[in-house]
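Participant: First, the structure itself, so that you have it in front of you.
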Amino acid sequence: MKKKNIKNSMNNHTPMIKQYLSLKSQYPDMLLFYQMGDFYELFYEDAERISELLKITLTKKGYSNHKIIPMAGVPCHKSEYYLSKLVKLGESIAICDQQKETDCKKKLISRKVVRIITPGTVTDEVLLEENEDNFIAAIWKENNQFGYSVLDLSLGFFGVSKIFSSCDLLSEIERTNPKEILYPENFSDVFLIESRKCIRKRSLLEFDLETSYKLLNLQYNTCSLDGFGIEKNNFVIRAAGCLLQYVKSMNMTLLPNIRQLKYNYMEDSIFMNFSTRKSLEITQNISGEKKNTLSAILNKTVTSMGSRMLNRWLNSPLKNFKIVRNRHESVEALQFFYKELQFILRQVNDLERIYSRLALRTASPHDFVRMRSTLEILPNLHLILKKIKSKHIKKIRLSIGYFEEVLCLLKKAISLKPSKCIRDGGVIAELYNIELDELRSIKINSKEYIKNFEQKEKKKLMIESFKIKFNKIIGYYIQISKRHTHLIPKYYVIIQTLKNTERYSVPLLKEYEEKVLNSEMRSLLLEKKLYAEIFNIIEPFLEKLQNSALALSELDVLVNLSERAISLNYTRPIMSEKYGISLLESRHPVVECFLKTPFIKNSVFLSRTQRMIIITGPNMGGKSTYMRQIALIVIMAGIGSFVPARYALIGSIDKIFTRIGSADDLSNGYSTFMMEMMEISNILHNATSNSLVLIDELGRGTSTNEGLSLAWSCSRYLININKSMTLLSTHFVELTKLEEKEKFVKNFHFSAIKSDLHIAFLYKIKNGISKKSYGISVASLSGLPDSVLEDAEKKLIEIENT
């Protein structure tokens, strides 16, 4: 609720509403879940908003200050379900729980905010997407450069980058896909992020350099940031400091799970801008969905940790051939073992996120059960990994470890089927603590004691309707039919009269009740104490657990890539430091999986003497698919995957640029032509001789002569200035004359067979130029009226004969 909506005069409000408004004023930009018994209730604008977002009933909570109070609520026991929906919608929530009664007359219950949930700071399993990272980011801009920091609290990951342009920043935001973004109040490039769900303007004080420097050193117990490579990098220090401060305040605690700070050197991976990622459909298709993407085909990992890691790899293919070759060697070595390894890895739980909750001390009893079951399978995993002759797999195996001490503790300390929450008890296993077992035995034996007492009194008083019952309000009580009340002894104290029965209490029963309830309370307190001690015992192992989780993730990815290589008939690529790309009988990794007929394979050869390939041919003839498959194969090779080709040699690639029109987003008001020119300008300014450039139909959207002129001049610039490896498709036949004027250009085409107004595509690339574009024949496939097509044919003949 905004401040203007908080009433100026508090005197006309009920005590409860006064309390609510006071708490709400502390969290004006969040939905306040205000506990009222078994419900969380929301009032005023919060009620209206949650009603609209979740489609729940909007009602009223009487009147206050002479006005109706809009109200909506959700049951406490179902709150996680609603919170999950709100977080996905980009909402932040403050959870306000009841504490105790502070005013005996008015019975106003004390309440306080015990938990803050924002999209970028959640760690609860039910609020997280299983196969996605959950980053929160902060941006600082200075001198047209940016400091960019990301943190995933659920994994304990903290990273920073220095970014040199707004275009690169947009690319990095697309790559990391943060659920929440912090930016300073003077940020001039808000347009870059305003379309995202959860962006937060922060005070410049939160980006203060000195404060940020101190916060980072305090987090890592250091006196300098030299060890992280950012000592004099003020941009990233400001961004990281703001982010760390914000996450701490939202989490209401220290962040012991944040043990490292990774400096992301942009030059370590192949650069792909926003347009490239979108048009290649790596992890999201054009519609923003996950189906029919490279990830959908490659990602058959069996753990959520592995799934997240593979998507990270796909978004950051490496230029470091040593790491890539290690991965290729591992994928090859795993080919005889992937089935049995995947069988075991399916039993591995999300140790990466469990580690983080352990460090934050928010791990649930079920987290301990999942960790126990994961640690139990490690010996069998080691037995298989020891058979594999690979230095990299051996390194992974050693990082996985065994954790016998932790496993022994969890077997002894945690019940086989504990309750969901420690406050419900039943978490600590029997025989772990003698005192706890004794306290529990009182509760267990109470049923027998009550049964014996009931039978004894029933027999003594000869009352057939005599029963002993229990409820939370009055505790144990004796219930007797009214027709037998004349048989009741004087020491029976009546406590409740109902229609047909009366309820009584006796001193002996009350004393026993106190003993049982006291034992339950002591048992729960002891169980909580023992539970906290388990965290203390495990704490020294946390760093190794985190390393083990990362190693298990990588193993899952490599085993998955090995399975994909065999199942999809992929080939190990040769990675070369030399210039060029050579692919024989290559296939599109996504398209081939959805065809009912065999995919038509095509080759490509790019070298210093053949830097540009100009492709002509009909629409739908295979030009765009061909270009995309080359880029996707480069990406696959760069993450350590085998590739869909009979032979593949991949040279050193530093950047991939695409300009393919189907990825256009015209919502910002630019025309398709303007979008094309802006993207081409970006390519010409940033592509190098080691860049792969894919351009589809350059020069559309303006007159034929102007379009051809621009396509001609841009192509010559790419050939002679950028010297990039370029594939360019076109319908301008005149553009193919570049082959005669530039020695680095080669013409290729896709052909088709036409009969009457119908067309059959061959999808095979060949040397030379396509003599026709077959536009009218392709148009016939869209269902245009025959008369329109016939008229078009006549006009075409007329134009060609002019």
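Backbone N, Cα and C atoms are what each Cβ position is placed from, and that goes for glycine too.
Taken from Swiss-Prot, the feature ATP binding site applies to Gly617, Pro618, Asn619, Met620, Gly621, Gly622, Lys623, Ser624.
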Participant: Check each residue in the chain of Asn619 (ATP binding site) that is at least six apart in sequence and keep those whose C-beta is under 8 Å from its C-beta; list them in sequence order.
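Facilitator: Ser773, Tyr774, Gly775, Val778 - these are the non-local Cβ neighbours of Asn619 (ATP binding site), listed in sequence order.
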Participant: For the recorded ATP site formed by Gly617, Pro618, Asn619, Met620, Gly621, Gly622, Lys623, Ser624, which further same-chain residues have Cβ atoms within 8 Å of the site's Cβ center?
Facilitator: Thr625, Ser729, Phe750, Phe761
Participant: Tell me the Cβ contacts of Gly617 (ATP binding site) under 8 Å, same chain only and six or more apart in sequence, or just say none.
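Facilitator: The answer is Lys623, Ser729, His749, Phe750, Ser751, Ala752, Ser770, Ser773.
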Participant: Using Cβ-Cβ distances, find the residues under 8 Å from Met620 (ATP binding site) that belong to the same chain and are at least 6 apart in sequence, listing them in sequence order.
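Facilitator: The list for Met620 (ATP binding site) reads Phe761, Val778, Leu781, given in order along the sequence.
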Participant: What does DSSP say about Ser624 (ATP binding site): helix, strand or coil?
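Facilitator: The three-state answer is helix.
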Participant: Count the Cβ atoms, other than its own, that fall within 10 Å of the Cβ of Ser624 (ATP binding site), considering every protein chain shown.
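Facilitator: So the number of other Cβ atoms within 10 Å of Ser624 (ATP binding site) is 21.
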Participant: CB neighbours of Lys623 (ATP binding site) within 10 A?
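Facilitator: Within a 10 Å radius of the Cβ of Lys623 (ATP binding site) lie 27 other Cβ atoms.
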